[in-house]
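Worksheet: one structure, shown below.
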């Protein structure tokens, strides 16, 4: 593990060994809250990736035939080690990502839950059998692992998203090559250390740090059979098209613009609490963030009054400090991009209720306070595009029909939420909203690991979603056997 006090150079994890990249290139990994250099991550090349894939391919010959209960026992041990190191993992998340320690602690919990699901997944790997499909003939379906799987993960959930991928893939008998975000590489290396301690054989999990060369290498390598990706919409589309053209199974989870509809009969205090947490938690850098509030009818004025008050009370600072809610964004470049969106929102006619650019926290960190817009319309850029930052837009409409129509105009469809006490409104919302994950009176309707993370439209590219039974389907292939006895 890197010495965080000296900014030590990180290494790739290939074949159970920590190895230097052949490229000789590195990139600094700063703490977003302080600018302090935590480590230097290698920007690996194709040769590094080829070595990892070759090792994973060789390891698959044994791991793919390892009895399922034995694989599950390694995962149960891994889960135990993650629990024992919970606080350390949460601190690492905060150091390299910037989110508050409380949120990081919750992220580690979600990652552990993914490992728990993977450890218990053998019951979902069972096949099916039907005797006597004809006289003295029986037929059965069996599941087999697919081989070497590649995973490409983002900076915003350095614990949870990798744990969506490699534990379940490995439980299903595959081997794995992970390319974590070069912005948050520390947590990935620690996950590999703990998995090795749990008894995972060499070569089953490999980590290659880097950027475009490693990504393209995974997408094009003939020995990589499937790709799981989480990231922005343009990159997700590229990953899906490129990997598909090279004959791979692909799931690519993309961007979002999640809408929250607030009805006049809603519990406003509860709605505001949920919306503020969903919009500004993790600095808005998550694909389930609340990005747009749709205020229906006469609820708009009292809702705006309560929202403004709640947003003004948000505490900003280093995520390791007590009582901090909003940490920094990931990099200075992302801060500047977000500030440009805020400026554009003003120019296009939105009402800037609270300007996060005016919050003075620290000149060394990448801090941006919570921003709140009112009177946003669907013609504005800040409504159309994913900002991925602590910016919330409020749109005013007159009816639930109008709110649903507006929400469905978005090219993204990860999630949507409704705040109401009326069952008829819930039923209408549930049936008519074109999005994959819906919340009723809660702000982040992300499912547990045993359900699929089911984005729609331009929020997802592929057929089988991450997690749940979809995940098992994605990481296995079926073989039909028909026999006469």
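Glycine is treated like the rest: Cβ placed from N, Cα and C.
As given in Swiss-Prot:
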type: BINDING; residues: 155, 179, 182, 183, 232, 386; note: NAD(+) binding site
type: ACT_SITE; residues: 287; note: active site, nucleophile
Within 10 Å of the Cβ of residue 183 (NAD(+) binding site), how many other Cβ atoms are there?
19
In this structure, which of the binding-site residues 182, 386 has the fewest other Cβ atoms within 10 Å of its Cβ?
182
List nothing but the largest Cα to Cα distance in Å, as a whole number, among the residues 155, 179, 182, 183, 232, 386 that the record says bind NAD(+).
24
Cβ contacts of the residue listed as 'active site, nucleophile' (under 8 Å, same chain, 6 or more positions away):
156, 230, 253, 254, 255, 256, 414, 455, 459
In the three-state scheme derived from DSSP, which category covers residue 287 (active site, nucleophile)?
coil
With the cut-off set at 10 Å between Cβ atoms, which of these binding-site residues ends up with the most neighbours? Options: 155, 179, 232.
179
